[in-house]
Amino acid sequence: METPPPLRLTFIFFIIIFLFSCSWYSFKLPPAFSGESQATAWLHNSKSRVRARSGSVPEIQIHEPRNHMEDVPHHPLDPLTMQEMYRVRTILSTHPPFSPSFPAIHSLSLDEPRKDLVLSWKEGDPLPPRKALVIALLNGQSHVLSVDLDLGLVTSNKINRGSGYPMLTMNDISVALEVALSYKELNRSVVKRGLSPSDVTCVTPSAGWFGPSEEGRRVIRVQCFSNQGTPNFYMRPLEGLTMTVDIDKKVVVKFTDTGGEIPVPKATGTDYRFKNQKEPLKIKAINPISIEQPLGPSFTVEDGHVVKWANWEFHLKADQRAGMVISRAMLSDSETGVPRSVMYKGFSSELFVPYMDPDENWYFKSYMDAGEFGMGATAMSLVPLNDCPRNSYYMDGIFASWDGTPFVQPNMICVFERYAGDISWRHSEIPVNGFDVSDMAIREARPKVTLVARMAASVGNYDYIFDWEFQTDGLIHVTVALSGMLMVKGTPHQTVDQMPSQEAASGPLVSENVIGVLHDHFITFHLDMDIDDTNNTFVKVDLVKERTLPGQSPRKSYLKAKRNIAKTEDDARIQLKLYEPSEFQVINPSRRSRLGNPAGYKIVPGGNAASLLDHLDPPQLRSAFTNNQIWVTPYNGNEQWAGGLFTYQSKGDDTLAVWSARNRAIENKDIVLWYTLGFHHIPCQEDFPVMPTVSSSFQLKPVNFFESNPLLKAAPVFENDLPVCRPAASS
């Protein structure tokens, strides 16, 4: 028997570790991973741990994934069950194009019923026909199929004629790594750098699209790192070493090695694991803190997906591409108690992450994380007490592997109530002007308790944390937080004084021989707002400076709010401007308050950033949806993904920008609001070796949706409502 080369052994080891680190659990593993459920054993044997103040290391509770084989759908938007996925696989195996050769399954999800059917459905009604949407690849052709589970038939099979390929599968990545790690030139390059082949870990950056030379075939880049002495191999790049692999032909089509003179950065100080921190913390430790709920949580999750809390009700599910999807968000009216529609569907549609280095080994790094890798596919199991507090509810994701068999992404989403000491509303009145001083002042305040749905995706080096936070005043606060590892570039320089020109570098020096490359993050959200119904209108309310007339007032200027109704898509493309402020509302012209104001919600931007790339730059052509921070389009069930259905190696011919260019009518229509949240990231030393979390957010806030403050009758909290907790008496 032939002995595998060292790098092949490294590859096999890396794949096993990667699969386990994804916390994959399957009741029927794909053939490539058949045998005893190793993932189950890993979940049982690798408990997460934290060090107690006494120095002991207690175990953190692991929320084991439950058996999903008996799941049945209860709601029209419930994701496909495991049994349904198996049925889809059986149906596809008899579909004529696939009967001799089963295709690679790149996506298998619920083909959601028509929106009007979902809106008319009531609990207790029969479910609309259950259908599956499948994206499959066979012989270089991308198929989009609709499978009717009731009929047991493929009812539609369309072949993609545009640019781009489906989201990558784990098998694609495995193939690319196996091809690259078997390449003799790679072995030679590794040895030249003074490394053992067994100390090399390789990853697969996406290729982007940069012209005709890469068309007609699926390619992926492969770059390598040293894992010697640290789990944080991202901080030890083999700079200048890049392979381009044809995934389908399984060959290396290009090999570049330009960084042989650049040293591999040291491993010292890169290990981020708590157990390996040798030096004690030099600052005073924080006492443990927890929010206690003596009566238990106030929310319920019915039938696995319908969340009910206070005056909110919404459908929550995991999605292999989007990560987490909020649907049918309803808010009970504070006067009548009747549920009212706020949002039909909200999710992160695409993430664009361009790095700012034109070097041959860097220019292509312009990721489209959702469409290329999948935010749900890369979502890790959340860590109890650290990712999510006590009394959290955990939800699993049920996804399909590349051969169509389902697997479970356990504990992918958590739902919990949050109280951080914030105030919902307050007012105090000083006892003057006739108030009886003996009665003291009026002091009214209410605590702000919110409900959070959270997921975290680890897309390679970066971790993205998504929070959808619901407040009892009707506000929805959406936050994206970033952590994880920088993507760094090796350099011969150890201090800034050695660098001939800091301005010429692609980023700052963050450690010896390590440059943190400047980059951006843009997250585009699909927000299908249905304020009290589907007939909505987008209104831009401009704050305009007016000057007073001579002698009119001691004032020289003041502001006026001028309303502008967007009649077409052209009217609703918004670039945020600090000195030309506006408010952006989605209203229902048919639903009026007692005062005649239309019911609405406004989007309130937080800190943001805009893409500064040239609009003709290939990465920006593909991500033209970031050219504006706000877009509004008419509802179209086929327009879900801002970067297009087929994002991988796409040219940008099927994006939000292309759809919006049709300039369709949007006044008093069923409309979708798109919002892009952005970050510019200039790395610094504090980002090494792992980044503290940074975040940005936006809000969806009621505007004349209620007749008055919906929290007016909310009760305050009194001392007797809470348990008494005191430190244990010292002996």
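Each residue, glycine too, has its Cβ placed from N, Cα and C.
The annotation active site, proton acceptor is assigned in TrEMBL to D369. Sequence annotations record features per position, and here TrEMBL assigns active site, schiff-base intermediate with substrate to Y462. The feature domain 'Copper amine oxidase N2-terminal' is assigned by TrEMBL to 75-157. For 166-265, the entry in TrEMBL reads domain 'Copper amine oxidase N3-terminal'. According to TrEMBL, the domain 'Copper amine oxidase catalytic' annotation covers 290-711. The annotation 2',4',5'-topaquinone is assigned in TrEMBL to Y462. The transmembrane segment annotation in TrEMBL covers 7-27.
In this structure, the CA atom of the residue listed as 'active site, proton acceptor' is 10 Å away from the CA atom of Y462 (active site, schiff-base intermediate with substrate). Around D369 (active site, proton acceptor), taking its Cβ as the centre, 26 other Cβ atoms fall within 10 Å, counting all chains.
Around the Cβ of the residue listed as 'active site, schiff-base intermediate with substrate', the number of neighbouring Cβ atoms within 10 Å comes to 23.
Taking DSSP states H, G and I as helix and E and B as strand, the domain 'Copper amine oxidase N2-terminal' (75-157) has 18 helix, 28 strand, 37 coil. Across the range of the domain 'Copper amine oxidase N3-terminal' (166-265), the DSSP-based residue counts are 30 helix, 29 strand, 41 coil.
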